[in-house]
Amino acid sequence: MAARSARSSTTRLLYSLCGGGGSINAASRSSTAALLAGSFHLRHFSAGSAAAARLREEKDVWWKESLQKLRNIGISAHIDSGKTTLTERVLYYTGRIHEIHEVRGKDGVGAKMDSMDLEREKGITIQSAATYCTWKDFQAVVVKERVEQSSNVDAGFFTLYYHSFKKVNIIDTPGHVDFTIEVERALRVLDGAILVLCSVGGVQSQSITVDRQMRRYEVPRLAFINKLDRMGADPWKVLNQARSKLRHHSAAVQMPIGLEEDFKGLVDLVNLKAYYFHGSSGETIVAEDIPANLEALALEKRRELVEAVSEVDDKLAEAFLSDEPISAADLEEAIRRATISRKFVPVFMGSAFKNKGVQPLLDGVLSYLPCPTEVSNYALDQTKDEEKVTLTGSPAGPLVALAFKLEEGRFGQLTYLRIYEGVIKKGDFIINVNTGKKVKVPRLVRMHSNEMEDIQQAHAGQIVAVFGVDCASGDTFTDGSVKYTMTSMSVPEPVMSLAISADSKDSGGNFSKALNRFQKEDPTFRVGLDPESGQTIISGMGELHLDIYVERMRREYKVLPFFYSNLMMTLTWFGVVKVGATVGKPRVNFRETITQRAEFDYLHKKQSGGQGQYGRVIGYVEPLPPGSGTKFEFENMLVGQAIPSNFVPAIEKGFKEAANSGSLIGHPVENIRICLTDGAAHAVDSSELAFKLAAIYAFRQCYTAAKPVILEPLMLVELKFPTEFQGPVTGDINKRKGMIVGNDQEADDCVITAHVPLNNMFGYSTALRSMTQGKGEFTMEYLEHSQVSQDVQTQLVNTYKATKSGD
Ligand SMILES: Nc1nc2c(ncn2[C@@H]2O[C@H](COP(=O)(O)OP(=O)(O)OP(=O)(O)O)[C@@H](O)[C@H]2O)c(=O)[nH]1
């Protein structure tokens, strides 16, 4: 009897190692899924507590090894660099998909990671998509142990197999700056990244933005120079641009064999071997000696690589300086150390579209990017005044997981989680530390683009999704034994707004459902109400961003939105709004601020009949120093009991409310500090309401004296067009009150960088197309809010007054 219970506890342990699904017999069968996932696999056992202890040890080793073989990476880049095309190849070579489909390919299927219809139609990525794959290094370890008979244990053998592959979780992110939040949240939870660069376009504006984001989240990265098959491909020029524009300390780890139409393969500069990619989809790699005509160049480039790595790696520097031969293994290790410590960016090359160079890049991901335990992550302990706690990244620790992305689906909310510590199992109760709510995990899945695979458990280092758990993006979950939160990601402020309403009462329900869902999923998409007109205002990161949501409303919620017309302008809304719909000019998100200190002394008094109101506030407003990072500051400088302290929060609330709408054009007032120095209260008539009103009126009283100004979003615009059109394009930028800050020549193209007010950029894609016979392209991203000129301010104030008096 005793023996049986000992056996059953070991059975349970093994059973849970197998994922808890099915019986032991079922688990012992060679299931492909289990092999792919990398799992324990039991053949036979008959053992007791000694065996259980042994298994526990084995389990620890397995966790450690499994984590060492895991990579969580993102693929980010400028628009159209080939991120989705590259990911499609990765999925194909790793066996996740069985056919390659192109972005906007002739077969009309589209790439796996662009699963939304809109993405496939437009050929752009809108939402980041997650997937995972396994690559090389299959391991089958057999543990065979004889267990002797003892008082409570049967004699016998157990044989334990475990298998594991190197695994890569990948997030493919959009390139367009309007969807930058998708890049932001992916990078927040990833351990490494591939920065894709176009071998013709080089380092473009959005490459600089995503590189900055990678820097912000301290993400080690590899660069992949894609499209070597294109005319004008010049990887060495792009490498130099990465050094100068991105300040990368980098060197190539490969060099091309031929370029453009003659691009045939790559020389691996670490191993000094040439690789060619044969087969209909480049699946067969043939390694050969370096072609004789490239040998000298390959040696020179290898030396360049060794020198660059030696500059940031002492161990390699020692060997390099003493002129010792440097083996491939030593060089690989040094590159790994330098990349993980973010001192070096190894540069890979290839053509995703022509199926060349993708497998060596995948090898590079495993060789040079960190596994989850090599990246330090920390949380804030809410029980110790937000003290920083370094997370071990071990599955043995308490559960700590960050919800970094939400999607509302037919079956409820799908929440993407990055697990930083511990294990999460289906059916577990977990605590949302931000809300204090305890929730059950009804379903745990692993994502493969828009497909899901149910799993029973997931451990530290993994990226999974849970179904039916209500939470906000950025919430932290634990098992309740700790109260940690992860710092959240940086969310940019929306720069553009649009008034919108449903076409009929019938679609009103769907209209608000759609708005609620989009707002919850995307922190850069906001919905508000214009207090004066009562219109619903949607705000986002740009025209394309708002356009995509309007189109999704039509398709997914069957709402035909009606746009209010401010200026009765009919715009062709990126070709989406048809039937001549009247579209109001989208509103730019202006802000107001003050330029000098102004005093206030306001008494709000109503003492005739009924309950009286009495509150006096005295103090001053002043501009916050530039770059202070705070938008609104309130300082209570009261000494003594002129105003009882219980009224101070109401005063702060009043000032905050007043600052929501400045009196110049009704936009929020920012960069302002309010100091309350004195005041007066009445024993009977003072109330929170009286003081709140006093603060609102005090703000209005002193606002003009504080010399308010209007700020507008200024955009960083990058234009590329054939040089012959330089005259009209630069003339047009000047007309739009833009300031040209960079002018470069790239082959036959002119590349101009300019700062232009967003308010003057509406309809620019159409204008540029007609100025350049459709050959020009541009990207635009938010730079800063800057003060408008005096004449623009007068014009805006007059328009605001006219609208108000017309209401
Ligand atoms: N010639 C050539 N074209 C490529 C290569 N890689 C991608 N393309 C093409 O470039 C275009 C853009 O490719 P995508 O994979 O959608 O680029 P992306 O970076 O994912 O695009 P966004 O996510 O919308 O920014 C498509 O037409 C691809 O077929 C390449 O290696 N060579």
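Heads up, the Cβ atoms here are built off N, Cα and C, so glycines get one too.
Note: TrEMBL annotation is automatic and uncurated.
Owing to the predicted nature of the structure, the values given are computational and were not obtained by experimental measurement.
Positions annotated as domain 'Tr-type G' by TrEMBL: 68-373.
Annotation comment: TrEMBL describes 77-84, 172-176, 226-229 as GTP binding site. Note on Thr173 (GTP binding site): other Cβ atoms within 10 Å of its Cβ, all shown chains, come to 29. Thr173 (GTP binding site) falls within neither a helix nor a strand when secondary structure is assigned with DSSP, and so counts as coil.
Less than 8 angstroms from the CB of Leu228 (GTP binding site) sit Ser199, Pro235, Pro256, Leu259, Glu260, Phe263, Met349, Gly350, Ser351, Lys356, Gly357, each of them six or more residues away in the same chain. Proximity of the binding-site residues Asp80, Lys83, Thr173, Leu228 to ligand 1, judged by a Cβ distance under 6 angstroms to any of its atoms, singles out Asp80, Lys83 in sequence order.
Counting other Cβ atoms within 10 Å of each Cβ, the lowest count among the binding-site residues Lys83, His176 belongs to His176.
Under the three-state DSSP scheme, Ala77 (GTP binding site) falls in the strand class. Neighbour counts of Cβ atoms within 10 Å were compared across the binding-site residues Ala77, Asp80; the minimum falls on Asp80.
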